[in-house]
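According to Swiss-Prot:
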| type | residues | note |
| --- | --- | --- |
| BINDING | N27, L29, G54, E75, D100, N125 | S-adenosyl-L-methionine binding site |
Amino acid sequence: MRIADYSVTRAVLDRHGFTFKKSFGQNFLTDTNILQKIVDTAEIDRSVNVIEIGPGIGALTEFLAENAAEVMAFEIDDRLIPILADTLRDFDNVQVINQDILKSDLQSQIKQFKNPDLPLKVVANLPYYITTPILMHLIESKIPFQEFVVMMQREVADRISAEPNTKAYGSLSIAVQYYMTAKVAFIVPKTVFVPAPNVDSAILKMVRRPEPLIEVTDEDFFFRVAKVGFIHRRKTLWNNLTSHFGKTEEIKTKLTQALELADIKPSIRGEALTIPQYGKLADALKEVGF
């Protein structure tokens with residue numbers, strides 16, 4: 001029997017008198033086939049360390065611990081710590097850290113692995129309400145995660161992996177794909193969770209690029225420009241640029257110069273620009289004095 005078997009999950013929750021907290025976005029997976037598929041997608045073996053976020057009662061952790069060198073699981077809910085000590089008691093390669101991953105000193109934490117030099121992967125069922133902040137925190141942390149295989153709301157997975165000229169494409173697609181490739185591996189129906197969420201989930205596989213997709217003069221400014229492109233999705237890039245930077249004649253002259261330098265038509269919509277085009281635009285805007 002597995003932790004994720006519905007009867008075991010129910011028994012664990014009842015034994016510990018656990019009640020779900022909506023504020024933590026808790027939905028526990030009760031399908032062992034899907035858990036195995038997650039581990040297979042992440043290609044977990046004894047040559048890698050794994051960071052898990054939000055282990056819940058340890059359903060995914062059990063599968064990870066059986067396959068990885070070591071697992072470090074971050075759990076924010078104090079009430080789950082004694083439950084995890086119970087469900088994972090047979091494993092000596094799991095560390096449960098009772099901390100908010102967003103407030104954790106990850107550089108120090110990963111030194112606590114027995115072999116911290118092994119490749120590092122993130123495998124997690126992320127809380128819906130805080131998926132994007134967690135992902136961006138990890139991606140921007142400068143820790144050399146090899147890849148992420150994470151479950152999230154299907155709509156968010158579609159946005160992260162979206163291509164230009166699609167409804168889902170936006171500044172989040174650009175922010176992630178600048179650092180990583182992103183592809184939806186498979187869909188997880190809402191019916192396999194306790195309690196069932198309102199929408200289906202997706203497993204997103206993200207692999208870190210050896211270098212960012214493009215080279216830009218100023219990364220922060222590049223991400224700012226990418227956000228500007230999507231201020232009003234149905235309006236032109238020119239409208240969005242003037243909405244953000246201003247509409248004085250001097251500013252409009254500079255914007256025209258930058259668009260010419262970047263070889264981008266002002267009438268294009270932000271959702272049609274590729275990441276390299278946003279990079280060219282950001283560098284051109286810098287060059288003309290923004």
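Note that Cβ sites are derived from N, Cα and C of the backbone, with glycine treated the same way.
Structural mapping of features recorded in Swiss-Prot.
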residue	record	Cβ contacts under 8 Å, 6 or more apart
N27	S-adenosyl-L-methionine binding site	N125, Y128, F193, V194, P195, A196, P197
L29	S-adenosyl-L-methionine binding site	A4, L35, G56, A59, L60, N125, M151, V188, V192, F193
G54	S-adenosyl-L-methionine binding site	F24, Q26, F74, E75, I76, A124, N125, L126, P127
D100	S-adenosyl-L-methionine binding site	F74, I76
Among the S-adenosyl-L-methionine-binding set N27, L29, G54, E75, D100, N125, as the record gives it, the longest Cα-Cα distance in Å: 21
Collapsed DSSP category at N125 (S-adenosyl-L-methionine binding site): strand
Other CB atoms, at most 10 A from the CB of E75 (S-adenosyl-L-methionine binding site): 25
N125 (S-adenosyl-L-methionine binding site), number of other Cβ atoms within 10 Å: 27
For L29 (S-adenosyl-L-methionine binding site): DSSP state (helix, strand, coil): strand
